[in-house]
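Straight from TrEMBL, the features:
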type: SIGNAL; residues: 1-18; note: signal peptide
type: COILED; residues: 30-92; note: coiled coil
type: DOMAIN; residues: 92-228; note: domain 'C1q'
Amino acid sequence: MNFDILCYIVLFCGLSLALLIDFGTITEKVNCMETKLKESETRLKDTEMSLKETITQLKNTESRLKDSETKLNHTANRLKESENHIVELQHKERTKIIFSATLGRSGHIGPFNTDTILVYKGVITNIGNAYSPVTGVFTAPIAGVYYFTIFCHARGGRSQRLYLYKNNEVMVMTNDLSTADTETDNGGNAVFLQLQEGDKVYVLMEQETHVWGSESQTTFSGCLVTQM
């Protein structure tokens, strides 16, 4: 009986020892897993921090990219404006309007019983073709400041009186009264006019006056000084 009890005691002790050993092993494994879990949590936190930093850097990069795009668009607009300005200057440089013409007829022209537009048919220069030798009218092809001159010659027996018109308005004139003691009369005038596209400039001779058409002494000239 004692032997049986002793055997039970020994068996119980062995089982207890085995359980203790297994418990220690389990405890060690649990501790190891807890350590690894803490390490994983730390690494996860580090990863989250790194991700936040990456997101912040990405936002900064996007903001810088937008700023760069804005600056690029501004530069492109300035470049386009510069190109347009260059084209405009080149166009202005190419735009040349110059004319000069004589009456191209011999002897006296006039007197007439009505005011008459003089038609200068003897074209010397007509760069830009703005002057018409058919009508005697200059039509401004572009807006700008133009310079015009008129010169005339006539015999002294009759008066001469010429008016330079802009559309329906007299700008300048030249005249000389008839004189018995002189054989010839001469006159002239010049003016700068600001014209819009389509404005018309011409020379009108007053009724009962005359000019001399021979020898290119009576002329009408003009040129574009600057565009507006």
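Glycine is treated like the rest: Cβ placed from N, Cα and C.
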(message) I'd like to know the mean pLDDT over the domain 'C1q' (92-228).
(response) 90
(request) Write out how many residues of the domain 'C1q' (92-228) are helix, how many strand and how many coil, based on DSSP. (result) 6 helix, 74 strand, 57 coil
